[in-house]
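Structure record follows, encoded as structure tokens.
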Amino acid sequence: MFLFHKIGHGNHKEDSPFLSSADAVGKRTDYYDRNLALFEEELDIRPKVSSLLSRLVNYTSITQGAKEHEEEESADASRQKTPKSPNMGTLMGVYLPCLQNIFGVILFLRLTWIVGMAGIIQSLLIVIMCCSCTMLTAISMSAIATNGVVPAGGAYFMISRSLGPEFGGAVGLCFYLGTTFASAMYILGAIEIFLKYLVPQAAIFHATDPLRSDSALLNNMRVYGSLCLSLMAVVVFVGVKYVNKLASLFLACVIISIVSIYAGAIKSITHPPDFPICMLGNRTLKLDGFDVCAKTVMSGNITELSQLWNRFCLPGNMSSTHCDDYFLHNNVTEIQGIPGLASGIISDNMWGNYLQKGEILEKAGLQSVDAHSAIEYFVQYVSVDITTSFTLLVGIFFPSATGIMAGSNRSGDLRDAQKSIPVGTILAITTTTIVYLSSVVLFGSCIEGVVLRDKFGDAVKKNLVVGTLSWPSPWVIVIGSFFSTIGAGLQSLTGAPRLLQAIAKDNIIPFLRVFGHGKSNGEPTWALLLTGLIAELGILIASLDMVAPILSMFFLMCYLFVNLACAVQTLLRTPNWRPRFKYYHWALSFLGMSMCLALMFISSWYYAIVAMGIAGMIYKYIEYQGAEKEWGDGIRGLSLSAARYALLRLEAGPPHTKNWRPQLLVLLKLDEDLHVKYPRMLTFASQLKAGKGLTIVGSVIQGNFLDSFGEMQAAEQAIKNMMEIERVKGFCQVVVAAKVREGIVHLIQSCGLGGMKHNTVVMGWSPIVLLTLQRVNTVRCTTAAHLALMVPKNVSFYPSNHERFTDGNIDVWWIVHDGGMLMLLPFLLKQHKVWRKCKMRIFTVAQMDDNSIQMKKDLATFLYQLRIEAEVEVVEMHDSDISAYTYERTLMMEQRSQMLRQMRLSSAEKQREVCSKSQFHLSFYCFLMTIRRKEVTVFEEVDVPLDKVQMTWTREKCEAERKNRSNAPENFRELMSLKPDQSNVRRMHTAVKLNEVIVNKSHDARLVLLNMPGPPRNADGNENYMEFLEVLTEGLERVLLVRGGGREVITIYS
């Protein structure tokens, strides 16, 4: 059944599964259909398919693209009521935007340098690795993007809806940071082109020391980069429509620049460009400050010193004693910087030549005399500004393979997104891969190796190296690359704030909520401000080679999780996983994920750790905040599959004693307002469990399920809220039953699933309760089910999670062996910060014929083997005569039991009957009044404190007693002549004596744990059983009665 109450991502939830007849009559005329009369009563909550389809047809997705923002900024946007249907095809909507985002600054500024350092073979390997990673990611992305509509957020939306809000928020922010740093990288590239090749005179800072010229360049980059960033931010703030209108111009610049490279390479076969390189020995000289590559020049018939001589010798001095030794002993030669495609230079550039920072670029094969050269002359040579390695070059090149998400970000603008996104993205990656591979081969085949390794073109008169190969002029590349990098920076600065806005609007990261707001037309003003500040951090780094690996990490992190999302969805085979793109496989996604992870650590292992740490912290923050988002994500499906597998494994048998821990079923009582009556029950459970193992909180609502369903849901929500307050990690189960006793039995029998079932029941003991049949019945049920039982008495006095016991004892009274629970429970409690500083004392009871000294030694040895630290004490109990108090108390107990039987209370009344000491006297008083008076007057309630009496005698109860007054005298005489049963006297004697000993030793203990006696075999003794327990625990502030489940729960073995 498909039902869309609202078109969106929320699930329709029926208020009631049944339609009342009154509502049906009132609405029958609206939904009347002769052919659907059988369904007419439910057509208000289950609409006809025809009306459903009409709503689906009108569905529109608001995207992160450009069109809706342009329309909102236009004057007529407010008057437009009907949204325009998307009309972009594959070419304009996906292919060209992806090309524009993939091609960028690295192609023009660093690819020649990468080829020179790594060689053609390793450069091809770098390109293949990076482009294969993005191709596999594009396949996974195509599968996700064609599995339904992808609205605003692009990659973030796909990951969050596939892997859940935690992964979505973490990876979404990483993608946002990557896009933000990408804008900084493009701006730095544009400023480098501007200061190095367009207007070098614009430099503000100049190096006083030629050996430290890098710092002046970095400062210039920072100043001009900040100005450029501010200007671009203003353009984006004024209106994104200007950016979109200039996008075609920027793309044209990229295409023209690439075409000029190919044209220049072809032309170099016959007419290579003239860019001579001046070499001193085998060292490359900077072609700056001299015009002739020679030591001397002929002026007429006179030999004069060249400008080059003056750079290595004292000016105007012909003496060789004042020249640099290396300059004197080596010849100056001139080689061609661009030999051309037919020169065969490809063989020299085939292999890598990695250099350390400060090394001079040298050409192998040229003769050179090794002579000393002064440090001050090193500035005349072309040297390396950064230590290079294969891993560094991978990190620098990878940003030139990013940008594959441009098509998915515009899915709302596409005519057929499920067809255009896969085709356009894969074609764009294929095109760019071919361009990169061919460019590597062309650069290595046409350009001299020392020129390729010259990052800033100092050897070719400060020309852009890739520009020296272009046709018709190097300025084509310089101007084209400048505008293309400006355009790419604007696109990144436009997309990043919208991505942050999409994350903020999902409300999964509370502190980002402010960035979901913006101008009246939806422009993310605050997000743009934050983006500008973060981009400024990248600008302050001021080095393109340092910023590129940073954004590589964030993009690789994003791509990794795109592959993971596809793999998880494919392996889980969820019913909703039906992508139209069929050419995917989970193995390809895992391969892509592995490549992303490998590239992260290849590029920069420390950056990879930092990026993963940032993502991990965001993940844990979202998880800690508890993002209540149900997006049908794959991680939830994966959790279900893992849970199913684990449950099937647990079915193999009961857990070993070493793995046994209390899996709790906490039985809670709710008041009339459905609030938890004793919240400290949950506090005690959280302290005992400390987040480990299973905790099920159960409660029973008396009534009929159909009538009490809403009440049951309200009770569940109240319990869940209290569990959250008390930090109890577990499940809630509320049942509706005709009788509370039956409901408790249902909970004990049916809670849990498979091997994840409870093994311990926690039942409350109200301070005013001495006897209830349902409590005794619960004890019997847990015993029959071989479950352990814990009954905390005076639970209201138990400490909260915010309290700390700085001293005190936890006393264990080990009277009978119950499987070791009495030893295990204090150890578990001491793991919690509330009880951590309490000491553990264990008492056991010795009879007259026991050797108490040997018992103490044996107990200490046993505790040592259990690795439990505790003080040991053996308490001797001597035989003594039964006291008059014990006899009188037993007699009073049995008289009350006999009285209840004679009053012939119904079973329902017996369940509600609560007998405290004060109520017993009240009942007995009423009974005597019934016997001695011929007629019972209106019974006035005896003044008994409310906290001592749960139920009072009413007029109706006394009237019922009047009907039995004929039998009352005989019953009373029988009651007064009753003699106590000797077995009950012995039990009462034991309870009194034990209580005296326990109170004497443990009156100041923080908690007393005590063996709970079993219920009597005969149900007639239920009332007496609860009285024994009351006597046993009198005078103690906090008592935990413990009854084992019939198995060992602690062992001395490892």
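Just so it is clear, glycine is given a Cβ too, placed from its N, Cα and C backbone atoms.
What TrEMBL records for 94-266 (among others) is domain 'Amino acid permease/ SLC12A'.
For the domain 'Amino acid permease/ SLC12A' (371-665), the model's pLDDT averages out at 85. The annotation domain 'Amino acid permease/ SLC12A' is assigned in TrEMBL to 371-665 (among others).
Per TrEMBL, the feature domain 'SLC12A transporter C-terminal' maps to 679-765 (among others).
For 804-912 (among others), the entry in TrEMBL reads domain 'SLC12A transporter C-terminal'.
Marked as domain 'SLC12A transporter C-terminal' by TrEMBL: 930-1054 (among others).
Marked as region 'Disordered' by TrEMBL: 65-85.
Here TrEMBL flags 167-188 (among others) as transmembrane segment.
Residues or ranges marked as transmembrane segment in TrEMBL: 221-240 (among others).
What TrEMBL lists as transmembrane segment is 247-266 (among others).
Annotation source TrEMBL lists transmembrane segment at 386-406 (among others). Remote same-chain residues near the transmembrane segment (386-406) are listed as 94, 97-98, 100-107, 110-111, 114, 117-118, 122-123, 126-127, 129-131, 133-134, 137-138, 141, 154-155, 178, 182, 185, 352, 354-357, 425, 428-429, 432, 436, 545, 548-549, 551-552, 555-556, 599, 602-604, 607 (criterion: CB distance under 8 Å, separation of at least six residues from the stretch ends).
Packing against the transmembrane segment (426-452) from elsewhere in the chain are residues 90, 94-95, 98-99, 102-103, 107, 111-113, 115-117, 119-120, 123-124, 127-128, 131, 134-135, 138-139, 142, 258, 261-262, 265, 268, 272, 275, 277, 279, 284, 335-341, 343, 345-346, 348-350, 353, 361-363, 382, 400-401, 404, 407, 459-460, 465-466, 468-469: each is 6 or more residues past its ends and has a CB under 8 Å from a CB in it. Marked as transmembrane segment by TrEMBL: 426-452 (among others).
As annotated by TrEMBL, transmembrane segment applies to 472-490 (among others). Under 8 Å from some Cβ of the transmembrane segment (472-490) lie the Cβ atoms of residues 100-101, 103-105, 108-109, 182-183, 186-187, 189-190, 193-194, 197-198, 228, 232, 235-236, 243, 246-247, 249-251, 253-254, 256-257, 260-261, 263, 463-464, 466, all in the same chain and six or more residues away from its ends.
Per TrEMBL, the feature transmembrane segment maps to 526-544 (among others).
Outside the transmembrane segment (550-572), and at least 6 residues removed from its termini, the chain residues within Cβ reach (under 8 Å) are 133-134, 136-137, 139-141, 143-144, 147, 155, 158-159, 162-163, 167, 171, 174-175, 177-178, 181-182, 185, 395, 398-399, 402, 538, 584-586, 589-590, 592-593, 596-597, 599-600, 603-604, 607-608, 610-612, 615, 634-635, 637-638, 641. Among the features that TrEMBL reports, transmembrane segment is placed at 550-572 (among others).
Look at TrEMBL and you will find 584-608 (among others) tagged as transmembrane segment.
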Chain residues outside the transmembrane segment (221-240) and at least six past its termini with a C-beta under 8 angstroms from it: 66, 69-70, 73, 183-184, 187-188, 190-192, 194-195, 202, 204-205, 486, 489-490, 493-494, 497, 523, 525, 528, 531-532, 535-536, 539-540, 542-543
List the helix, strand and coil residue totals of the domain 'SLC12A transporter C-terminal' (679-765) as derived from DSSP. 42 helix, 22 strand, 23 coil
